[in-house]
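**Student:** Feature table excerpt (TrEMBL):
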ACT_SITE  A:Asp202  active site, proton acceptor
BINDING   A:Gly78  diphosphate binding site
BINDING   A:Asp172  Mg(2+) binding site
BINDING   A:Thr200, A:Ile201, A:Asp202, A:Lys239, A:Tyr240, A:Met247, A:Gly248, A:Arg249, A:Glu308, A:Tyr424, A:Glu425, A:Gly426, A:Arg427  substrate binding site
DOMAIN    A:70-340  domain 'Phosphofructokinase'
SITE      A:Asp173  site 'Important for catalytic activity and substrate specificity'
SITE      A:Lys199  site 'Important for catalytic activity'
Protein chains: 2
Amino acid sequence: MNISALQKERAKYQPKLPQSLKGAVKLVEGAKTESVADQKEIEELFPNTYGMPLVAFEAGGADESREPVNVGVILSGGQAPGGHNVISGIFDGIKKINPESKLYGFLGGPGGLVDHKYVELTSAIIDEYRNTGGFDIIGSGRTKLEEEWQFDKGLEIAKDLKLNALVIIGGDDSNTNACVLAEYYSQKNAGVQVIGCPKTIDGDLKNEMIETSFGFDTATKVYSELIGNIQRDANSAKKYWHFIKLMGRSASHIGLECALKTQPNITLISEEIAEKKQTLSDIVNYMAAIVARRAGNGENFGVALIPEGLIEFVPEMKKLIAELNDLLAEGTDTEKEFKMLRKSHRLDWVASHLCEDSANVFKSLPAGIATQLTLDRDPHGNVQVSLIETEKLLGEMVAEKLSAMKKAGEFAGKFSTQYHFFGYEGRCAAPSNFDADYCYSLGYTASLLVSEGKTGYMSSVRNLTAPAEKWIAGGVPVTMMMNMEKRHGHMKPVIQKALVELDGKPFKYFVSKRGEWAYGTQYIYPGPIQYFGPADVCDQPTETLNLEKA
Amino acid sequence: MNISALQKERAKYQPKLPQSLKGAVKLVEGAKTESVADQKEIEELFPNTYGMPLVAFEAGGADESREPVNVGVILSGGQAPGGHNVISGIFDGIKKINPESKLYGFLGGPGGLVDHKYVELTSAIIDEYRNTGGFDIIGSGRTKLEEEWQFDKGLEIAKDLKLNALVIIGGDDSNTNACVLAEYYSQKNAGVQVIGCPKTIDGDLKNEMIETSFGFDTATKVYSELIGNIQRDANSAKKYWHFIKLMGRSASHIGLECALKTQPNITLISEEIAEKKQTLSDIVNYMAAIVARRAGNGENFGVALIPEGLIEFVPEMKKLIAELNDLLAEGTDTEKEFKMLRKSHRLDWVASHLCEDSANVFKSLPAGIATQLTLDRDPHGNVQVSLIETEKLLGEMVAEKLSAMKKAGEFAGKFSTQYHFFGYEGRCAAPSNFDADYCYSLGYTASLLVSEGKTGYMSSVRNLTAPAEKWIAGGVPVTMMMNMEKRHGHMKPVIQKALVELDGKPFKYFVSKRGEWAYGTQYIYPGPIQYFGPADVCDQPTETLNLEKA
């Protein structure tokens, strides 16, 4: 493999571990746990893995030799920086427990377990991937482990490979499924444990015991590097508004973190929009007012951050989309009628078949977007919200609003836009020192949970704003994070998604500052992730964590 | 100003200078020069600034006190990383010459000179901008200094401020204009010198004496970081082809440099396409063949780099665009007829009015692109080539080709695309160590050229693949780089643009490797620019320079 100069140097990096894990380790059990809600239902669904205690690993105990442990590891879902370090942490952990331990990687995600596709991860392989980005060591996939036949197929190969445990590295859904699997294997006395690891750049898998999911730090640092560069360009050329969409469907943690790092003029937070029941027109008016006031100061430029999932948080858009899904559902009479119409008549026809409010929203949309909403459907006939280019939708609507304001004498500036979408640019970046250390520690901790015979636990490393030596390693029962939610019409036990808390410190700090940032051009330019310099530059966790812990 | 942790550390960085400039310096004159072509015409147009000798600065000479020099500096055109370091190099240079020297910055580009908008750059201001990206210290602009009334207005303020010289930091056109200005002031005996500095991320201002323009190194490093991250994602998810368009209208140096750094599956080089007179369909077939063969290996993913200016290098597209410009020119009968047509009839009508070849090309384009070509016109009625989303055009055409191949049994894979355009992400990045050093040296050298009374010279720092201590500083008469070219119907003296040389070492190396890269998935992941680590990681020039010097 031909590798870059930076990779050569980074291969030498030894990720930091909590002090407590460096020598002999003992397990300390904490209090019994309960699920965050719906305790009765969750307990019934998870008779074997409900109510288990929190556990922590502390220094001490006898440094006695332990039995080898064989582990199968799975990468599930979208890439996040640091996945390879979780795997190298597991590898080093189980080898420390006993050099006879073995690590197998299932290929291409959870599907590899079901299809019995795997590779033994040797130290030669692991060494090539230490501190690198990507999930390419074994690949990832989006197969959901939800059905018993999948669990049984998985058990077959686990038995063949004499696995003590599976470690599933994934987001909230994958960890939910990991817990269902843990429960199933427990019920069957299958002798295979299941441990989860909290991964997602979106940052929406977190709670008291899981302070952050891995990858969020690196991804937001890459996006902030780019946002900073674009801000500097905006402030140099002084002629463009850059509308930047940021990956992440559900929560706006990425946008908030990037805003805290770079201080752009506008940042939309989906959770606030939902809470305040803002309309598209409210949002457009808010943005146009900032553009106009900056223009009044002679500043016909700016930067706006827009979360990818925004549209689904705007109540009126959610309603419109639901109505469109009904109106144009495959095989309905209305869909047939729609398809018979000449193209030039379709938008009016659609509007006339919506409720008054939705019709007004629909008519306010730029024609291209309105057409897209009626045409591009997924295999179930639903509007494909992810195809809507939210940044362009808002850009066009703001331009329209400003031209009305110009006629009314309320805007005398210029408004030219550039659009960007950042997502793939950051998901496979090489992990920051923070993520390299955090992931390695998560993996190492997972190996200890396996060795201690735990199942249905998520690896947990806390106290993350302190230096790595002082981090606290342990395990959290996955059921503790669960509640019941409706999914595809059925109530299901799921890990509660962590949205941006509007009464949390990060959001409140942002709110206290965004007025200044809007008008004052107080951009910060974070620059690229650094690995070798002073700790202030290289080893800082996210602003979100810093503020949450402040 | 609230600055990032990295900026705080970088503010302390002392850019490296060539050893020869560190103490007392003496000027050594070289041979008289001639323009690269059209010697007679250029000499007639530049009687005072033609044929001047190359000059170099060497260590030695008396360390005597020199007269103060007052300099006005101008940033011209698009941003490039390192502009602030050119300015701090000039500042430190003229202060070393004599602490009474003064530096003024004209605001918002060449327009600031004409409009007498300026600021004195004090050490307090300079210190805030050392080693930072952007042109925001004084702003940039695209006003062209081409007319005598502008030169005269400039002279007024130069006299008011007692300026010895103007330093114009810009690309090929700005340096051409700088030389015209130098000649004009010489003819008038105005007592104001003009010195140029070679800036552009595009890399197309280079020759024997100007090994590279500044900013190219940093910008291509930022783009390569992102390309590498996307390649790692492609290779992890294994389900997308990423089509990445890279900024740069005329030359493909950026694409070539990024390809050398990252080894993507496909890189299109505009100069090769023009030379081989390739058609759009040739390009699409080439790309589709690689997609199909990779799919045959089970790899339904890849990365393709596409230069922004590609379309104008495809001979048949150039011809089509010229015909469209004539057919739909404002006020013509054909334009009136076109506008009267129903939208659904327009494309057929246009095709029927083109020559057979152009009609075939036009009909081969996706409908959206064809429509865009007939609708979006600039104020002169011309097709706006820059609005064509080349990456999507190619993506759609490759998809179409593959679906034909599928029917013919020649393709059995999947083809899903993601599109990216990188430009603003890199133009204002903080300069790499290389650009920080190179720019500072260029500025410092400019101050010496001023002190030596030179005019019509470009600051030159050479031997750039050696450590900075061994760089060679001097000046090159701008007329030496000139030839006559047709611009807007008139022959004009201009600096010859440096396109990718198809018999040059960088391109030849690329050609020798691109087959392997296409099929072998030999991605390199360069990672982010590093400032503090080992020299191998932090201080390397571009691959283009390394290969040119090899």
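Here the Cβ of each residue, glycine as well, is placed from N, Cα and C on the backbone.
Model, not experiment: these values are computed from the prediction.
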**Student:** Return the binding-site residues from the list A:Gly248, A:Glu308, A:Glu425, A:Arg427 for which some CB of chain B is under 8 Å from the residue's own CB; sequence order; 'none' if the set is empty.
**Tutor:** A:Glu425, A:Arg427
**Student:** By Cβ count within 10 Å, point out the most packed of the recorded positions listed: A:Asp172, A:Asp173, A:Asp202, A:Glu308, A:Glu425.
**Tutor:** A:Asp202
**Student:** Can you tell me which recorded positions out of A:Gly78, A:Asp172, A:Asp173 are within 10 A of A:Thr200 (substrate binding site) by Cα, answering none if there aren't any?
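**Tutor:** Those close enough are A:Gly78, A:Asp172.
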**Student:** Could you tally the C-beta atoms, other than its own, that fall within 10 angstroms of the C-beta of A:Arg427 (substrate binding site)?
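**Tutor:** There are 27 such Cβ atoms around A:Arg427 (substrate binding site).
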**Student:** So among A:Gly248, A:Glu308, A:Arg427, all listed as binding-site residues, which is physically nearest to the residue listed as 'active site, proton acceptor'? Use the C-alpha atoms.
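**Tutor:** Spatially nearest to the residue listed as 'active site, proton acceptor' by Cα position is A:Gly248.
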**Student:** Given the recorded positions A:Gly78, A:Asp172, A:Asp173, A:Lys199, which lie within 10 A of A:Arg427 (substrate binding site) by CA-CA distance?
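**Tutor:** So the list is A:Gly78.
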**Student:** Looking only at C-alpha atoms, tell me how far the residue listed as 'Mg(2+) binding site' is from A:Gly78 (diphosphate binding site), rounded to the nearest Å.
**Tutor:** 12
**Student:** Closest to A:Glu308 (substrate binding site): which of the recorded positions A:Gly78, A:Asp173, A:Lys199, going by Cα position?
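**Tutor:** Going through A:Gly78, A:Asp173, A:Lys199 one by one, the Cα closest to that of A:Glu308 (substrate binding site) is A:Gly78.
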**Student:** If you measure every Cα to Cα pair among A:Thr200, A:Ile201, A:Asp202, A:Lys239, A:Tyr240, A:Met247, A:Gly248, A:Arg249, A:Glu308, A:Tyr424, A:Glu425, A:Gly426, A:Arg427, the residues listed for substrate, what is the largest value in Å?
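**Tutor:** Taking every pair among A:Thr200, A:Ile201, A:Asp202, A:Lys239, A:Tyr240, A:Met247, A:Gly248, A:Arg249, A:Glu308, A:Tyr424, A:Glu425, A:Gly426, A:Arg427, the longest Cα gap is 36 Å.
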**Student:** Please report the distance from the Cα of A:Asp173 (site 'Important for catalytic activity and substrate specificity') to the Cα of A:Lys199 (site 'Important for catalytic activity'), rounded to the nearest angstrom.
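**Tutor:** A:Asp173 (site 'Important for catalytic activity and substrate specificity') to A:Lys199 (site 'Important for catalytic activity'), Cα-Cα distance: 11 Å.
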**Student:** Using all protein chains shown, find which of the recorded positions A:Lys199, A:Tyr240 scores highest when you count other CB atoms within 10 A of its CB.
**Tutor:** A:Lys199
**Student:** Would you mind checking how many other C-beta atoms are within 10 angstroms of the C-beta on A:Gly248 (substrate binding site)?
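**Tutor:** If we count other Cβ atoms within 10 Å of A:Gly248 (substrate binding site), we arrive at 22.
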**Student:** Test of understanding: give the count of other CB atoms lying within 10 angstroms of the CB of A:Gly78 (diphosphate binding site).
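**Tutor:** The answer is 23.
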**Student:** Using C-alpha atoms, which one of the binding-site residues A:Gly78, A:Tyr240, A:Gly248, A:Glu425 comes nearest to A:Lys199 (site 'Important for catalytic activity')?
**Tutor:** A:Gly78
**Student:** Check the Cα-Cα distances from A:Gly78 (diphosphate binding site) to the binding-site residues A:Tyr240, A:Gly248, A:Glu425 and tell me which is shortest.
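**Tutor:** Among A:Tyr240, A:Gly248, A:Glu425, A:Gly248.
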